[in-house]
Amino acid sequence: MRSLLFVPADSEKKLAKGFGSGADALILDLEDSVALSNKEAARKSATDYLKGADRSGPKLVLRINALDTPFWEADLEAIIPAKPDMIVIPKTLSGACVKKVGDRIDRLGGGDIGIGCVATETAASLFTLGTYGGSHPRLAFLTWGAEDLSAALGARDNKDDHGNYTGPYQLARTLTLLGAVAAGVAPIDGVWKDFRDEKGLEAEARAAARDGFTGKMAIHPAQVAIINEVFTPNEADLAHARAVIAAFEQAGDVGVVALDGVMLDMPHLKQAKALLARAAQSN
Ligand code: 1VU
């Protein structure tokens, strides 16, 4: 999944618009974008939507309410029978949260429903990003959030005067990337909230793809095409990957080769193969 578009689950209009946005996944949100007074209505709207949706479109993912609220169990009980592709758990504290929700989905007969986590929304959660590996077989991705973390820290802002995330948020982003890769699941970058600033979004998405993230969340349909473009390997990337593999094949049984004056060894071969495999998957 390259692009995952958040859609408030209590907005029929946005649900309809999101479906045609080109996003690889829609995250129907029952959490922060839904007012407390509307939680039940949002749950019903999400369930009805799942039951009626054309399942050949984007993956349909549900963000439940956090595990320290009175809502999450009722969210799962209503949503799991309607068979979403995935559940997103907000404000996870460690792999134990995945186990708790994964076991509950098992008991509700959740088939192959996956789990994603927004894993950096409290200060404590930054110290446990290494605990997600092996937490539950349903775990499919980790992502990060700066907004709740800055609220938790009592910060005045999470970006500097140049629009770059400051230290605590860079740390959260990096630990999410490392924690996801260590757990063998997809690292997904967080949202770009200034949704009219397409250049800023593209720069942030390119930096994420460069570092190893495989996709990015969106909050507005206009962000989807930019994210898809950035996270789809382009022709130049693919041609380079093919050239790396060809250089090793021509050299025979060696550990290192040179291509255009640059040393290539096993990590470069591995990267080239992974890129081609990802491109094949997205076709
Ligand atoms: O052209 P139309 O009038 O038919 O539609 C509008 C608007 O309804 C629609 N639209 C969306 N459709 C689907 N999904 C969306 N997320 C979405 N956002 C907008 O697009 C048309 C143009 O909209 P607009 O440019 O006039 O923007 P609005 O002022 O309507 O909406 C802006 C907000 C920010 C309110 C909207 O984009 C939104 O609700 N976004 C999702 C917010 C959300 O889910 N937040 C929680 C997740 S973020 C997080 O927790 C980080 C971890």
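Placement of Cβ uses the backbone N, Cα and C atoms for every residue, glycine included.
Marked as substrate binding site by TrEMBL: R63, E121. Classification of E121 (substrate binding site) by DSSP places it in coil, neither helical nor stranded. In sequence order, P90, K91, T92, G145, D148, L149, A152 make up the list of same-chain residues 6 or more apart from E121 (substrate binding site) whose Cβ falls under 8 Å from its Cβ.
Marked as Mg(2+) binding site by TrEMBL: E121, D148.
Mean predicted confidence for the domain 'HpcH/HpaI aldolase/citrate lyase' (2-221): the pLDDT average there is 97. Per TrEMBL, domain 'HpcH/HpaI aldolase/citrate lyase' is recorded for 2-221.
Of all Cβ atoms in the protein chains displayed, 26 besides its own lie within 10 Å of the Cβ of R63 (substrate binding site).
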